[in-house]
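Data block below; observations after.
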Amino acid sequence: MLEIKDLKVELEEEGKAILKGVNLSVEDGKVHAIMGPNGSGKSTLSYVLSGKDGYEVTGGSASLDGEDILEMEPEERAAAGLFLAFQYPVEIPGVGNMTFLRTAVNAQRKARGEEELSAADFLKEVRAKAKDLKIDAEMLKRPVNVGFSGGEKKRNEILQMAMLEPKMCILDETDSGLDVDAMKLVAEGVNALRSEGRSFLVITHYQRLLDHIKPDVVHIMADGRIVKTGGPELALEVENNGYADILAEVA
Amino acid sequence: MAEPATTSNTTEDRLAAMTLPTGGWSDPARKAALTRVRDMGLPGRRDEYWKYTRPETLVQPDAPRAAVFANDEERLFANRDVLEIVFVDGVFDAAASGDLQMSGLQIDRLANAQDIHWASDLYGKLEGEGHYVPRPLAALNTAYATDGVLIHVTGKAEKPISIIYRHTKEDSDAVLHHVIKLDAGAELTLLENGPGAARFNQCMEVDVADTARFNHVRAQGRDHERRDATHIFARLGTQSAFKSFTLTVNGRLTRNECVIDLTGDDAIAHVAGACVGDGDFHHDDTVFVTHDALNCESRQVFKKVLRNGAVGVFQGKILVKEGAQKTDGYQISQSLLLDEDSQFLAKPELEIYADDVACSHGSTSGAIDETGLFYLRSRGVPMAEATDLMTLAFLAEALEEIEDADIAEELTERLSGWLRRRRG
């Protein structure tokens, strides 16, 4: 279970407060969505949870299954079961996608005291999972995300998620830059990974992604706080009326 | 106190410590080279061309001692079908070398080549012509080389030639000179691997006739204390191709000069290098490419990874002569500085006397890409391993210049292993 309590975060360089006391609990097996206008702090929350540099936690806590994750290095958080699907997956010229995936899978296994996957087992698994996401052999061979279309990059994120089998998946605006078909494919990939032991935090501007990845709980974030929490109907309300009504109501 | 400059004493002191080989077809070339050395003087600190690299240890009469690097790993290019030629501290090792007979070419040793030899027209020729900028260490090499291979390629060589250098003595001081002549349409892949000696002065002249192809891949050996001064002089005929790649890991001082003349139309010359330096490491790539024909292409791709005070130097020039229209010249030199103590000094130069050409050059220095590093770490790859992956990724563009993908992969794997081993 991911538990965030009164989390306060500033931009390190500017000292500007972005998160102003976020409270959120995502239970095992549940899908929570966070919606909110631009600049509300949604992406910052995802970066802070995954350990990106440049943010300073000034208060509060975040834990995964009782372990304080804010003190961990990014790789330790990953090994603990946290996964961030990036809004803008990073291109790494010169590193093959396969090499990258195998290094990541084995590094996490090693960190957890498990045996590394053999080259043959890895290959078998990655091929099967890639096929489900319509990722061809050519894409696996290419350098990480280099020359990938927007849709390919997002599918590649989901493939990594499928291979790494995290407990807690954060999807940061995974629908941005995707057409309807690409979004469906990504959503199918995510839905296939839904299970009792795995939770999701889906960050999105729009309700449409939530048509495909059905959330259990929807939160509205504004100005660095969760201002409203409800069921899937809350997402529909946003879709129909925009954020203004909700923000006016909680103000 | 004034800085020491090269004086005739420095040059004469060095010459006095060597013996000029005599008594064969190469005598006139050696004597002419000796005159060049005296006219130019050996390089000193005040020479503009040696502004970023101190030449003293390459010039002093005795080689500074260099510990022999104990190495238990399999040597590079070992599992390939190649003809091996072995030099130990600059001395040919017949027992360790293969049979120097191969279809498509003729190989002789400089030390025992017969009196009238095809190489007499070439030995010292490209070197002698390659002094738009003085290269006295190359002339010194021509004058004093004790051995080397003379390879005349008449057709498509049936397999690559792999020259292996071994360093076994702490004070070895070797001077080797190779001459390679490719006839029209001929093809050869030449591999070189290993540290030549404690101090190694090597010169290679490559004459590539029309439509011939020459591929060269070199790994300079991991000895930490060795010092190398190498020169490649190449002349390219019409529609010929020349590709050379050098991997340098470790070494106290390395100066690799490459001088290429594109003299026939539609020729292609690619020269690339990757180096990884840690601590007391100084690596200098000095390249001079001259376009003197129509529609030729040249590429220079150099990448250096530097840490703990290591120093990288790149001096690269593209000279496009009058009339060399449709030239396509490209040059990139980049360094990855893994800390603030390391240094990269670059001097890219373009000199163009034709009006219908496309030439570009770029040079960058930077730290590791934080965004990429975070991406890798967010997937569970530990910091040190992620840094190595980013390092290999940085070098990849240079390694991709290697014609044979298999060889590129072997070098990449080996580099990856070295980085892993250092990590412990």
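We number each residue from 1, going along the chain as drawn.
Cβ coordinates are placed from backbone N, Cα and C, and glycine is handled just like the others.
All annotation found in TrEMBL is predicted automatically rather than curated by experts.
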Stated TrEMBL location of region 'Disordered', expressed as one of B:1-22, B:155-176, B:243-264:
B:1-22
Tally of helix, strand and coil residues over the domain 'SUF system FeS cluster assembly SufBD N-terminal' (B:29-161) according to DSSP?
40 helix, 23 strand, 70 coil
What mean pLDDT score does the domain 'SUF system FeS cluster assembly SufBD core' (B:168-394) have in the model?
97
